Each structure stands twice: as C-alpha cells, then as structure tokens.
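Feature annotations, courtesy of Swiss-Prot:
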BINDING   8-15, 55-59, 116-119  GTP 1 binding site
BINDING   209-216, 256-260, 320-323  GTP 2 binding site
COMPBIAS  459-480  compositional bias 'Basic and acidic residues'
DOMAIN    2-164  domain 'EngA-type G 1'
DOMAIN    203-374  domain 'EngA-type G 2'
DOMAIN    375-459  domain 'KH-like'
REGION    459-487  region 'Disordered'
Amino acid sequence: MKTIAILGKPNVGKSSLFNRLIKQHLAITSDVSGTTRDVKRACFDISGVEVELLDTGGIDKAEGLFAKVSANSLKAGQEADLVLYMVDGNVVPQDDDIAYFRTIQKAKKPLVLVINKVDNDKIKQQAWDFACFGAEQMYFISVHHNRGLSILLEAIFELLSLAKEQSLSNNLRSQMDNEEIDESLEEFLGILESTPNKSEENIAVGIIGRVNVGKSSLLNALLGKERSVVSEVAGTTIDPVDDEMDIEGKRVRFVDTAGIRRASKIWGIEKFALLRTNAALAQSHIVILVLDASESFVELDEKISSLIPKHALGVIVVLNKWDKKHKEYKEIIKEFKHRFPFLSFAPVMTLSALNGRNIDKLKKEILKVYQRFAYRIPTSALNDVIAQAVAHHHIPSDHGKIVKIYYATQYATHPPQIALVSNRPESLHFSYKRYIINMLREQFDFEGVPILLSVKGKNAKDEENTSAKKESPSKVSHRESKNRRFV
C-alpha cells in the first residue's frame with residue numbers, strides 16, 4: 001500500500017485536508033497553532049485503490065515539545081511514498097518554508113506543493129508567488145470550500161502510479177466474478193466456523209489517566225520506539241494516538257488517549273478530545289488505567305476510572321513512576337484499595353515507563369487479561385459452580401415465596417456475559433448476584449475482567465414481567481453500571 005504524508009508549518013490546514021480526504025472527522029482541527037502533535041494514520045480510496053494517509057504535526061523551529069513534533073513529522077515524510085507540502089495561500093512565501101521544502105526535495109521522492117486557502121481567483125493570482133519554491137508540481141486548493149481537490153487527487157493517482165494497481169485489482173475482481181462457486185451450504189458454513197473473527201484476533205488496548213501521569217511514555221516503552229510525543233507540558237496528547245505491535249504472536253493495537261483534566265478546565269479542542277477518548281474506549285477490549293505513584297491519588301483519578309464500567313472493559317492498573325514512589329508499596333496499595341474498591345478484581349502492576357521496569361510483565365499481563373476477557377465457561381462446569389453456590393448459601397426468599405435458579409448459560413464473551421434462568425427474576429437480590437460472581441471468580445480465573453450477570457424468566461409470563469424493565473446493553477443506566485462495578 002502506498003503512503004502519502006501531509007507536511008507543513010502549523011495551522012496551514014493539514015488536518016482539515018486529512019479529514020476531507022478520508023471523509024471522517026478523525027483529526028482534531030482548531031485555529032490554535034500546533035493542535036496536531038502526533039502522526040495520525042488512516043486509509044482512503046482513490047479510484048478503487050487504497051492508500052494510507054499521514055497527518056503530521058506542524059514543522060517549525062520551536063524548541064522542546066514542538067521540536068519533537070517537527071522531528072516526528074519529518075521522519076514520517078522520509079518514510080512516505082509521496083509528500084504533500086502544504087502552505088497558506090493567504091500568507092506571502094516564508095524563507096523557512098522554502099528551506100523546509102528544499103530539504104525534503106533532497107530525499108528524491110515525489111513531492112507536491114499544495115497551496116491551501118485559495119478560496120477565490122484573486123487569492124490564486126497572489127498565490128503564484130509560491131513559484132519561488134521551485135516545485136515541479138504545484139496545486140491550488142481550498143479545503144474549506146472543497147476547491148481543487150479533484151485535480152489534486154488525479155495528480156496523486158498519477159504520481160504514485162496507481163493505475164497499475166487499479167488494473168491488477170480490477171482483473172482480480174473480474175476473475176473472482178467469473179469463477180463458479182460449487183461449495184455446498186455445509187462446506188460454506190464449515191469455512192465460516194473455521195475462520196477466526198478478525199475483531200477477536202486483534203487486541204485493542206486503551207490507555208487512560210489524568211494529564212501527565214506518563215501515558216505517552218508508557219506507550220513508547222511498550223512499542224519500543226517514540227510513537228507518541230512526550231513532554232513535561234501537561235496535556236501533550238490531544239488526538240488519541242494508536243499503533244500496533246505483536247506480542248507473542250498476537251496483534252495488539254494501543255490507543256494513547258487524551259489526558260483528562262478537571263471539568264472546569266476542559267475547553268475548546270479538549271472537549272473534542274474527551275469525546276474521542278470515549279469513542280476509542282468503546283472499541284477497546286482492555287483498558288490500562290495509569291496512576292502516578294510519585295504522588296497521592298486524587299479525586300480525578302476516581303472519576304476517570306468511572307469510564308471503565310461504562311464500557312465493560314478488561315482492566316489493568318499501572319502504578320507508573322514507581323522509581324519516584326512517594327510511599328512504600330504496602331501503604332500505596334492500601335490507599336489504592338480504599339479509593340478504588342470497585343477495581344478490586346483488577347491486577348495492579350508497578351512500573352517505570354522511563355526506565356522500562358516491568359514493561360515485559362505488562363505485555364504478558366495484557367495477553368492474560370484478554371484470554372480471560374474472551375473465555376467461555378463450559379456450560380456443565382458453569383452449572384456445577386452455580387449448584388455449589390446455591391447449596392453453600394441458599395437463595396433468600398421473596399416475602400415467603402421461594403426463589404429458584406434453574407440453570408445458567410454464558411451467552412457471550414468480550415466480556416463474559418452470563419444469564420441465570422429463574423422462576424422469579426426480579427426477586428434475586430443484587431447482593432446474591434454479587435455472591436454468584438465472586439464464586440465464579442473463585443472457581444475460574446477472571447482477574448481483570450468484568451462479569452456481566454443478568455437474570456431471565458423461565459416462561460413467557462416471567463419474560464413479560466422483566467422485559468419492561470430491561471434496557472439495551474448500549475444504554476446501561478448509571479445505577480446499573482455502578483452496581484456492576486461492585487459485583
């Protein structure tokens with residue numbers, strides 16, 4: 001697959017072009033210079049051929065954080081098959097822009113000068129001043145008004161020689177259409193059953209925590225490279241940044257989400273970032289909650305952790321900056337258990353992202369938690385445990401009426417979801433459900449994994465009584481989410 005990188009100084013419209021081409025609002029855009037800080041990747045289609053597009057941070061001479069952003073952007077340009085260097089058509093050509101452009105020219109790869117914000121012919125006349133760059137290919141566009149983009153796409157198609165790939169793709173598609181499929185229904189179903197589900201092959205891991213607890217450093221340590229920009233400046237990550245790696249043959253995708261601040265400090269582009277954080281977690285299997293061991297936990301840590309039951313994710317708690325811990329292990333764990341009783345089922349790991357302490361252990365733990373997250377209990381074993389639980393602690397009656405559990409079945413995984421079939425579904429107290437879940441945790445290794453337990457009626461009358469109170473899994477109420485955390 002061919003790769004295209006969009007480079008240029010801050011605030012020239014790189015992220016807007018990125019969003020326009022991929023037809024999604026994936027990169028956060030703003031009038032604030034330097035909004036994009038990490039390289040974002042997405043695929044889009046040009047005349048039937050898929051290409052990868054990279055949205056990079058602005059290139060400038062700033063030091064510190066933005067020097068790292070510039071370095072990452074230039075590196076992305078070196079790895080791409082085509083570079084679109086973007087400038088602002090409303091601004092006269094700048095010497096540093098020319099210098100950056102000519103530096104990229106030395107790489108001897110296809111390079112296009114894209115002049116953005118050319119909203120009308122008057123601006124286009126002025127924009128001819130950019131001929132001083134010495135670009136072989138120069139295109140005038142306006143992302144905001146969707147002007148000149150079709151011509152730019154045609155140029156990209158030719159520069160990347162995509163016609164050959166399009167021809168190959170069309171020939172393959174035609175060949176497949178002409179083949180006779182003589183498999184029986186049974187054979188076809190057999191193929192489906194033996195084919196692994198791609199969504200289950202790839203493990204999606206979200207990394208959450210408040211600002212500056214070391215999430216980006218942790219992501220870089222896991223990947224073994226600087227994928228996410230790290231800085232002492234609080235709130236460096238704005239867009240969720242994702243990347244993939246193999247861990248013992250399993251494909252794992254990490255998402256480093258925006259650091260979460262107090263609500264009173266959330267404004268502008270950070271509001272969009274928080275919405276995107278929730279969206280990223282909605283597609284994750286496991287969440288790593290990063291806490292700062294160099295200082296006491298705060299109320300905001302607890303509020304952030306409330307995102308976890310909402311999405312019913314596998315959980316790993318990471319006490320980062322352990323090399324600077326403010327208390328001894330026993331005291332910190334005691335404080336953790338006091339503040340986060342609803343995470344009692346989660347493994348807690350101490351590590352230092354900066355020096356690499358326990359990073360390999362964390363990788364192994366991710367695989368273990370996912371295995372539990374995807375585990376299906378054999379029905380016979382499940383019912384044996386339920387029978388033992390009932391025998392050990394009888395179900396309380398409902399005002400003298402006997403409550404029975406007939407049987408149990410696990411109807412879904414990711415996370416484990418179990419239904420109990422009862423004669424009186426509404427009479428099974430939440431404390432008894434918690435007891436059942438604790439028994440399941442005791443008998444089966446479900447560390448780090450939520451267990452969702454529901455109770456259903458045995459006959460139509462029971463189902464009718466419960467259906468009115470039942471809600472869609474995607475709209476779990478705050479009350480139910482809270483109860484699930486404690487069971």
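We count from 1, first residue shown onward.
Backbone N, Cα and C define each Cβ position, glycine as well.
Note that the structure is a prediction, hence the values are computed from the model and not measured.
Across the domain 'KH-like' (375-459), DSSP assigns 31 helix, 22 strand, 32 coil. Each of the binding-site residues Lys14, Lys215 was assessed for Cβ neighbours inside 10 Å, and the highest tally belongs to Lys14.
Between the alpha carbons (Cα) of Gly209 (GTP 2 binding site) and Thr56 (GTP 1 binding site) lies a span of roughly 24 Å.
Put simply, Asn11 (GTP 1 binding site) is 25 Å from Asn212 (GTP 2 binding site) when counted between their Cα atoms. Cβ-based crowding with a 10 Å cutoff singles out Thr56 as the top-ranked of the binding-site residues Asn11, Thr56, Asn212. Taking all protein chains in view, 25 other C-beta atoms sit within 10 angstroms of the C-beta of Gly209 (GTP 2 binding site). Gly8 (GTP 1 binding site): 27 other CB atoms within 10 A of its CB, across all protein chains. A distance of 26 Å separates the Cα atom of Asn11 (GTP 1 binding site) from that of Lys215 (GTP 2 binding site).
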